[in-house]
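Below you'll find the structure, written out as structure tokens, and then a few comments.
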Amino acid sequence: MREDRVEFANTLRGIAALCVMVTHMIGFWGEPAFVAQTINADAIVPPVEMPSALWFVGHNLHAIGLDLGSFGVGIFFVISGFVISISLAKTSVGEFAVRRFFRLWPTYLTCFAIMLLSINATGWYFGRAFPFDEFSLLIHLWPGLNETFGVPYLDGISWSLSVELKFYIFAALCAGLLRRADLKVFAIAVAVSVGPYLLWHFYPNRNDLGLFGVRTLWSLVFFGDFLLILMVGVAFQFHHARKIGNKTFCAIVSAMLSIFVAMNLLSDPAILSPRYVVWSYVAAVAVFWACYLLRDHFRATVPTTFLANISYPLYALHCYAGWCFMRMLWEVGLSSNTIAILYIVACFAVCWLIHRAIEAPANRLGGELARKLRLKPYYPAAAGTAAA
């Protein structure tokens, strides 16, 4: 099996980042009051006309009930499930933890710091005080604790990093099953997903758990919902490595998606809101599946490799920091189309610098430290590799 068959996942990574980026560009013009409140600025009055290309995309996607941002995040989650199981197939749990730490934190903290500086600068320009307290900032140093401590996400994207981090923990705990492609891992995932969900909706004395307990339970409910999408990616990897056949693969994917849809459409209040967002995640799986079937036709190109390389910093940085940048460009008096173009160019340039100066060196450092800390030899690798 040729290694380039996993190029489709790298290509989709860049496309997913673009989808989320476009969604937040649309949001900048579509929800000016929310944007102003979020970035500590005055609202643009009267609201400015959205660039025609963005309006066309937003209008038509809304007409068919597709949320482009959720679609992009869904692709990210499926890719994560796909590549994390590959990573664990080749390393010990200790190596995996070290590599994941250096893969996630340095870039995230860099982008988070830029976002804070941007909001502080915007607030200073408009005569507003810095809106975040020290405790909230401290919690954000470790994505995943927000729900438990009742701290809202400050950057618009770290909620998904919280899901990723919890999935890393789940994968590490189930490392043996993942290496053997043991189907029990899917049963465990369903239990982790459905158990807290049922407890949340049917336990009559939920408040007896106390505020901390209720928040922790909701954190597990929220993670369990997306764990099902992540496990779809694991199923794809098992099939890609020829550990399961077509019928088993289709049955697992169908089961994960069916439970995901049922949990979201039958719950009140819904985990995902509005409810049509659920189908955007299903669409993400469908697109990933189509690209998986066509994986022999994917080849690395300069544009797709560039987007794949900057996809993580682009995802982590573009939203609130980008809104601050666009808001200040409006103060200069530029047109909407010019603002959109400069925003894209600036995002790509800054994220490329972050990739070269922070992300890539951190990944290399993590790999070197993992090799030094290696306690046991590599496990036989699953077929194919992808940037994890």
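Every residue gets a Cβ built from N, Cα and C, even glycine.
What TrEMBL says about a protein is an automatic prediction, not a curated fact.
Taken from TrEMBL as is:
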type	residues	note
DOMAIN	9-355	domain 'Acyltransferase 3'
TRANSMEM	12-30	transmembrane segment
TRANSMEM	68-89	transmembrane segment
TRANSMEM	101-126	transmembrane segment
TRANSMEM	157-178	transmembrane segment
TRANSMEM	185-203	transmembrane segment
TRANSMEM	215-236	transmembrane segment
TRANSMEM	248-266	transmembrane segment
TRANSMEM	278-294	transmembrane segment
TRANSMEM	306-330	transmembrane segment
TRANSMEM	336-354	transmembrane segment
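Beyond the ends of the transmembrane segment (12-30), by six or more residues, the same chain brings 47-51, 54-55, 57-58, 67-69, 71-73, 75-76, 79, 156-157, 287-288, 291, 304, 306-308, 310-312, 314-315, 318-319, 322-323, 326, 336, 340, 343, 347, 387 to within a C-beta distance below 8 angstroms of the stretch.
Counting residues 6+ beyond its ends, the transmembrane segment (215-236) has Cβ neighbours under 8 Å at 74, 77-85, 144, 147-150, 162-163, 166-167, 170, 178, 185-186, 189-190, 192-197, 199-200, 206, 209, 244, 249, 252-253, 256-257, 259-260, 263-264, 271-272, 281, 284-285, 288-289, 292 in the same chain. Sequence-remote contacts of a segment are chain residues at least 6 beyond its ends whose Cβ falls under 8 Å from one of its Cβ atoms, and for the transmembrane segment (185-203) they are 170, 174, 177-178, 217-218, 220-221, 224-225, 227-228, 231, 234-235, 252, 255-256, 259, 263, 267. Within the same chain, the transmembrane segment (278-294) stays apart from the transmembrane segment (306-330): fewer than three Cβ pairs sit under 8 Å, each pair at least 6 residues apart.
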